[in-house]
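Student: Submitted below is the structure of interest, expressed as structure tokens.
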Amino acid sequence: AVPTEAPPAPPTPSAASPSLTTVKTTVLATAEAPKPDPTPTQSTSEPETDTPSAPTDATTADISEPPGTICVFSFPTISGVLTTHFVLDSDDTAVMAVMVALSSLLVIVFIIIVLYMLRFKKYKQAGSHSNSFRLTNGRADDTELQSVPLLARSPSTNRKYPPLPVDKLEEEMNRRMADDNKLFREEFNALPVCPIQASCDAASKEENKEKNRYVNILPCKVQMALINDFHKYINTFAFINQQKKLNSRFFIAGPKEETLNDFWRMIWEQNTATIVMVTNLKERKECKCAQYWPDQGCWTYGNIRVSVEDMMILVDYTIRKFCIQQVGDVSGKKPQRLVTQFHFTSWPDFGVPFTPIGMLKFLKKVKTYNPQYAGPIVVHCSAGVGRTGTFIVIDAMLDMMGAERKVDVFGFVTRIRAQRCQMVQTDMQYVFIFQALLEHYLYGDTELEVTSLESHLNKLYAPLPGAGCGGLEAEFKKLTSIKIQNDKMRTGNLPANMKKNRVLQIIPYEFNRVIIPVKRGEENTDYINASFIDGYRQKDSYMACQGPLQHTIEDFWRMIWEWRSCSIVTLTELEERGQEKCAQYWSSDGVMVCGDMSIELKREEESESYTVRDLLVTNNRENKSRAVRQFHFHGWPEVGIPSDGKGMINIIAAVQKQQQQSGNHPITVHCSAGAGRTGTFCALSTVLERVKAEGILDVFQTVKSLRLQRPHMVQTLEQYEFCYKVVQEYIDAFSDYANFK
């Protein structure tokens, strides 16, 4: 809050002139003395009045008034209204009347000037305070720091940022991201940091200080939610007026151990059915939020019993369903309620998610599940401002995009900061909002219910008017237009590693390349052409790699050992069309030795479309052995794609069964270059797992996500179409999915 200065003392009336016979002065106190406005932004307060209230305790000196002309002048002062009676001799009446009138006018002008100077000084102080305020490490969510120091604010460079039509969104994104996001940083820096001037008295009370996770994130009185029982306080809730949805969100700091009972009491009293959590319990070994739910069974928080009914763990988020019940209900009925928690787990310790795809899926799931009859959705991260604000802005702007074909990110962030300080905490979060909006605008919602796949395929095969191609080809062209980030492949392009790449156009990105241990005394030995790939339920589900070269077989087995991979999927023959596609990295009989690793074939079994080999892998340096199973698929022709999806469906099922038995470590998948067939297998495995779990598929976004993780995944239009065909075959073949129709 900006400190207020004491008002100047009221001016002292001038001494009476020699011709003045009698002076009688009365100060009339108003009901409440007008005060200067504390900040220039609060222009909605009632204007100061020049008319005094009726006097109550006014006292008047007992002075007899001689005959003459009585002139009465009244003017406002800081503490009330000064009324002066001048009793003049008749000869001096005209002269003195003019003198007193001029004196009174000068006093009034002086008071106005003083008030103006005080207001102007406070305005400068407020501006200086806002300009110097920074989100410092260790206060509000210390993992969410500015990526680049903010540019200095000044009224001369501050710009207005009107709403953007959606058809201009991509163009504006490219313009603002130029020069290392310079224009985005300027725009973010132009946001008001904390325009709230309301009271935070309750949050600042001694008994409530322990309930505030961060000392610089406090709710003001108009935002705060009070718990009915014992008039308890909890930090922090703010009603956010959404697009046509009043009071639809509560923003809250991550609960602390001291506030767990208050948290669940609030959930009960507000009839909340949905909790959105956008932080992990610990990040970089620091507690960000107390665990307010039991892992299993039930816990009691105050007078609210919470039990876990169900849990679904997915790659980007976890869904938990709680049954809550009030303990000791005097009515004896003890009603139960279902509360669903959506826990987004893909927000990194620093920065923002790599892609907004997961956040958009998460947001859609939240909006789909929340019942219409329920109370406000509770949204929290750690401080309740950074990630929480980012989530709610994306939500609101998607609604605006659909209703008005425009977005107003700057205006909406300004609006919610007027309700809760520091919402959307960093420039990286601000840019991420735009990335999510652009993602939705360019590609839309491509999820399908399994029951609608057949009709959707009919549309994809139909020619698009004016496009010169069908819908399927147009969809695949969107995927091929995704830019390959060659500047993110530094290690694979080092001269020492170039010879380790089978195809120079397919090199792993730096952020998710598989790293193997450095060989003692040798440089540049931590590289292998392999990438971690996310699956449906967990991150790094697959290691997508090229078929080993003769001189990289040892590196291949060191990778298998280091990352404890127990399943290998081989999607190529050793030689196709007279060219080597993969070196034989297993023994046909006996033992193969590769450096410190020994590989022994224990069993080989032929299936309809693939061969299963059980291998015993021994690390001679560590004197330890592990069982590894290889699935060698023979159903992929040298040219084109398999004639049907049966063989692929069968091998995917066999691999998943092996994973359940061996501990769900990364599955090693390779073809020749580690992109086309490898990407197709990873895409189908992910899509089919979701079909079984949710009855939903999204081939487009699955392949798009793969291509963001490794270049050229699902390399051809034929392979992309094959993904759709296999899913359709799977749905048609299994009677278990009759309930979807």
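Note that Cβ sites are derived from N, Cα and C of the backbone, with glycine treated the same way.
TrEMBL lists 1-65 with the feature region 'Disordered'. What TrEMBL lists as compositional bias 'Pro residues' is 1-13. Feature annotation from TrEMBL assigns compositional bias 'Low complexity' to 14-31, 40-61. Taken from TrEMBL, the feature transmembrane segment applies to 70-88, 94-118. Sequence annotations record features per position, and here TrEMBL assigns domain 'Tyrosine-protein phosphatase' to 184-440, 472-730. What TrEMBL lists as substrate binding site is ASP349, CYS381, SER382, ALA383, GLY384, VAL385, GLY386, ARG387, GLN425. Annotated domain 'Tyrosine specific protein phosphatases' per TrEMBL: 360-431, 646-721, in sequence order. According to TrEMBL, the phosphotyrosine annotation covers TYR737.
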Student: Which one of the binding-site residues (ASP349, SER382, GLY384, GLY386) has its C-beta surrounded by the most other C-beta atoms within 10 angstroms?
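Tutor: Going through ASP349, SER382, GLY384, GLY386 one by one, the largest Cβ count within 10 Å is at GLY384.
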Student: For the domain 'Tyrosine specific protein phosphatases' (646-721), DSSP counts of helix, strand and coil?
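Tutor: Within the domain 'Tyrosine specific protein phosphatases' (646-721) the tally stands at 52 helix, 6 strand, 18 coil.
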Student: So for GLN425 (substrate binding site), how many other CB atoms are inside 10 Å of its CB?
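Tutor: Cβ-Cβ neighbours of GLN425 (substrate binding site) within 10 Å number 24.
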Student: Specify the secondary structure state of GLY386 (substrate binding site) as given by DSSP, simplified to three classes.
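Tutor: The residue in question, GLY386 (substrate binding site), is helix (DSSP, three-state).
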Student: Could you give the number of helix, strand and coil residues in the domain 'Tyrosine specific protein phosphatases' (360-431) as assigned by DSSP?
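Tutor: Summed by class, the stretch gives 43 helix, 6 strand, 23 coil.
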Student: Determine the C-alpha span of the substrate site listed in the record, that is the greatest distance between any two of ASP349, CYS381, SER382, ALA383, GLY384, VAL385, GLY386, ARG387, GLN425, in Å to the nearest whole number.
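Tutor: Value for the max Cα separation, rounded to a whole number: 16 Å.
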